[in-house]
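First up is the structure itself, then whatever we jot down about it.
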Amino acid sequence: MTDGPLIVQSDKTVLLEVDHELAGAARAAIAPFAELERAPEHVHTYRITPLALWNARAAGHDAEQVVDALVSYSRYAVPQPLLVDIVDTMARYGRLQLVKNPAHGLTLVSLDRAVLEEVLRNKKIAPMLGARIDDDTVVVHPSERGRVKQLLLKIGWPAEDLAGYVDGEAHPISLHQEGWQLRDYQRLAADSFWAGGSGVVVLPCGAGKTLVGAAAMAKAGATTLILVTNIVAARQWKRELVARTSLTENEIGEFSGERKEIRPVTISTYQMITRRTKGEYRHLELFDSRDWGLIIYDEVHLLPAPVFRMTADLQSKRRLGLTATLIREDGREGDVFSLIGPKRYDAPWKDIEAQGWIAPAECVEVRVTMTDSERMMYATAEPEERYRICSTVHTKIAVVKSILAKHPDEQTLVIGAYLDQLDELGAELGAPVIQGSTRTSEREALFDAFRRGEVATLVVSKVANFSIDLPEAAVAVQVSGTFGSRQEEAQRLGRILRPKADGGGAIFYSVVARDSLDAEYAAHRQRFLAEQGYGYIIRDADDLLGPAI
């Protein structure tokens, strides 16, 4: 028994004492296999889940390392049944393997005959299986490779996919490392992905996920399809690939509403390929338009359901998912595991910050008090309207102006979800507003002006949550969001984490109406960043800025 920062409980929850001197080391040790559930001020609650354990196993952690981490940092003896359960759960990964058989094609091989018998009796899985070759091997229809993995995960037997990949159409790509080089963690991430064949790389916003993608493309040396969140991100990818690799402008195509170019490297958006015409997903054929050797899913946690369905049919292609967080608010993390692949590499945000590759950040929650009339409007509103009402209270505008006055020389993003609120803020601050309806050309011109320092403040909607490179943004003020979305909170902080030319830090303000749904959702949103070691400082609007009204 030691005076460690963890209390490990038999219900698979792990309590972390935040103020303990070893809290940071303990958090890093349990992060690969435990998920943060609650993060109040002094004690954080994590849960050890099967999916987290299997992701850890696929990323190279074994049960001995997991047990050692818990025992080393636990204040009291770790319940022995829990340790046994961890060993048993992690041993389930890989008990079934998908293997290419030279005579029979795709097969499911069991290292435990009883497990195969259980699978063969499953009414959903059995129709996807073919002839039984021997006691431990059964044929799998190649078209069912993805769906079999999904269903096996659901019954608690995640299969290790060792069936290999088709190389696709060859297209040589090399990195041009003149004046720059891959950082150690970027190289390790690309190597880990390549060794696993398919899977997800998790890196903080601003840590250079695009370069991990470029390194993977160089390893593949094949035609590549890249799927991103929006057209601005697509063009950013193109600029980066032209600058950092042997690819020329003519080798990279854009498949969008404006252009329909299919080239050796083609970049499209999730919105484009899931657009329906007369009820049909016409552009899903992009997946079959070339013999792609690699498919890259940027911001993989946002993968729409139709793309999941198509990805189930693409299991012979190498697939790389890039993201800052594996959290999906729809709970479909298991589908990412099955269809894109398990987590291959994960770097804690604070580790990358300590190396100087992302800026240190301070997170501040500013609590405002609604006026009597605002409180009455909130109290009498229909339930579905209450969050919008408390998120957009007029009281917040004076607070935002005061925050900006505290940072007159810093480039600032004001971020929200409700367009009326953003338009009002834009008018009050004299700042341009970027939202979904803003033309792509105007959007890019404003982002460029912001990068050059010609525009000091931008008011942005959800369109700026993802993949926008604004290195000198040092202050972000969040006024409203998508309910309790943890991944949105992480992405928004990520907008200001690029290292600054002056080596300075960043400040992320979240302006929240107290005693309301706004405050409840804010607490939920902060969970992921708490898991990464970011603490929120709570400030009262009146104390911090003087009376807001």
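Using the three backbone atoms N, Cα and C, a Cβ is placed for every residue, glycine included.
For reference, Swiss-Prot has these:
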- 1-130: region 'Required for protein stability or solubility' (REGION)
- 190-344: domain 'Helicase ATP-binding' (DOMAIN)
- Leu203, Pro204, Cys205, Gly206, Ala207, Gly208, Lys209, Thr210: ATP binding site (BINDING)
- 298-301: motif 'DEAH box' (MOTIF)
- 399-545: domain 'Helicase C-terminal' (DOMAIN)
I need to check the long-range neighbours of the motif 'DEAH box' (298-301): which residues 6 or more away from its ends have a CB within less than 8 Å of a CB in the stretch? 200, 209, 213, 226-229, 233, 237, 321-323, 325-328, 336, 340, 466-467, 487
Cys205 (ATP binding site), number of other Cβ atoms within 10 Å: 25
Within 10 Å of the Cβ of Pro204 (ATP binding site), how many other Cβ atoms can be counted across all chains shown? 23
Determine the Cβ neighbour count for Ala207 (ATP binding site): the number of other Cβ atoms within 10 Å of its Cβ. 26
Just to confirm: which same-chain residues, 6+ apart in sequence, have a Cβ under 8 Å from the Cβ of Leu203 (ATP binding site)? Tyr185, Ala189, Lys209, Val212, Leu322, Ala324, Tyr345, Ala347, Ile352
Extra residues within 8 Å (Cβ to Cβ centroid of Leu203, Pro204, Cys205, Gly206, Ala207, Gly208, Lys209, Thr210), ATP: Ala324, Ile352, Ile358, Gly494
Set of same-chain residues at least 6 away whose C-beta sits under 8 angstroms from Gly208 (ATP binding site): Arg183, Gln186, Trp357
In the motif 'DEAH box' (298-301), how many residues does DSSP call helix, how many strand, and how many coil? 2 helix, 1 strand, 1 coil
